[in-house]
Amino acid sequence: MSQRQRPSSSRAPARIVLPILTPELTFGSSMSTLDTDAGTAPSAVTLVDAANVALRLAALGPAHGPNPRVGCVLLAPRVDGAPSDAPRAVLGTGYHRGSGTAHAEVDAIAAARRRGHDTRGATAVVTLEPCNHTGRTGPCAEALIAAGVAEVVHLVPDPNPAAAGGAERLRAAGVQVPGPLEDGAGPGHDLLRVWLHAVTTGRPFVTLKTATSLDGRVAAIDGTSRWITSAQSRAHAHRVRRTVDAIAVGTATVLADDPTLTARTPGDADPDGHQPVRVVVGHRDVPSRARLRTAPGGPLVHVRTHDVRVVLAELAAREVRHLLVEGGPTLAAAFLRAGLVDEVHAYVAPVLLGAGPSALADLGVTTIDAALRLETLSTQPLGPDVLVVARPQPVRSTHPQEA
């Protein structure tokens, strides 16, 4: 292959500023129209446009499961003398559809070939550094090399020690790799935040969900709670369930509420029918007639412990990347006190109860200076309710064994 088709890797890395994308839950299925086989992808795009198309394609992949969501756009070779940001033809696009399916790079290469395009000298714009290991599929780096791709632009480096090294392998083969384009933050990191957290910490990303009255109650004094929040809030919560790998509750919640812990979203269900693993934490038995045992849904995992770290270790061994903690108050407080909550989804209804159980048990806070403070990431109206998404600030655990 000519030197023009496979440029030297000594060129200074390009720096691309990417706009912030829409949060992942609002990515619509309309992005599936970016199908180069059907000729509906843009005919020519800049490198920045290609990066954003790759991100939006990546968001079409399942948010649940052990693998990251990745999108890829193949661009025609650079033209000698043309500016680096000059629009180029789109040869093919692809994204990863879940564990065991083709990776985004392979998907894009296949799409380009179905359209009769020569991929030699092409530029691959991909959201995550191509992998360099053989799992259920082969290494993406080798697929790009075999396809004759001359340049690979990636947004996020792969921190997974089992798969990293793709950029080095590509460079060793003479492929130009000017990335990563994101330096620890950006829309690529935002899209992959759950997966990145899981592979770098060795434990699932933990989202704590609460649904309360305006004065923080989860039920009235007589125990009734259906429904404090609106139908819109409940529908949103079920869509969130579709994106997680597992949902956890304590044994007290199982005995009091008899939940199913399934994702129920009529008219908006995942094509793959994903149902999260149903996790029960605590020593008491789950009754044989409990709906967790009798109702269709994800597998049931009963972790007989009060140590939330043991819970996370057990789930990590099962390749759970994202855990949704739904209660009750004791389990929620245990995760917070251990400093193991990464994000809070608080659904708040404009209802006042004045008494009744609160969303959280004792956090060990005895003075306002010791309050657990959170950073608000977003607020969203849901009918009459408001969803607050917040991130706890790092705290030192005082009672790590409680649950």
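Counting starts with 1 at the first residue shown.
Backbone N, Cα and C define each Cβ position, glycine as well.
Pulled from TrEMBL:
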DOMAIN    45-177  domain 'CMP/dCMP-type deaminase'
BINDING   HIS103, CYS131, CYS140  Zn(2+) binding site
ACT_SITE  GLU105  active site, proton donor
BINDING   ALA211, TRP227, THR253, ASP257, GLY328, PRO329, THR330, LEU331, ALA332, ALA333, ALA334  NADP(+) binding site
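Closest in space to THR253 (NADP(+) binding site), of the recorded positions given as HIS103, GLU105, CYS140, is HIS103, taking the CA atom of each residue. With a cut-off of 8 Å between CB atoms and residues at least 6 apart in sequence, the same chain places VAL70, HIS96, PRO130, CYS131, THR137, CYS140, ALA143 near HIS103 (Zn(2+) binding site), listed in sequence order. Residues ALA211, TRP227, THR253, ASP257, GLY328, PRO329, THR330, LEU331, ALA332, ALA333, ALA334 are listed as the NADP(+) binders, and the farthest two of them sit 25 Å apart at their Cα atoms. Long-range Cβ neighbours of ALA332 (NADP(+) binding site) (same chain, at least 6 residues apart, Cβ-Cβ under 8 Å): LEU208, THR210, VAL325, ALA359, LEU360, ALA361. GLY328 (NADP(+) binding site) and the residue listed as 'active site, proton donor' have their C-alpha atoms 43 Å apart, to the nearest angstrom. Cα-Cα distance from ALA211 (NADP(+) binding site) to the residue listed as 'active site, proton donor': 41 Å (rounded to the nearest whole number). The DSSP secondary structure for HIS103 (Zn(2+) binding site) is coil.
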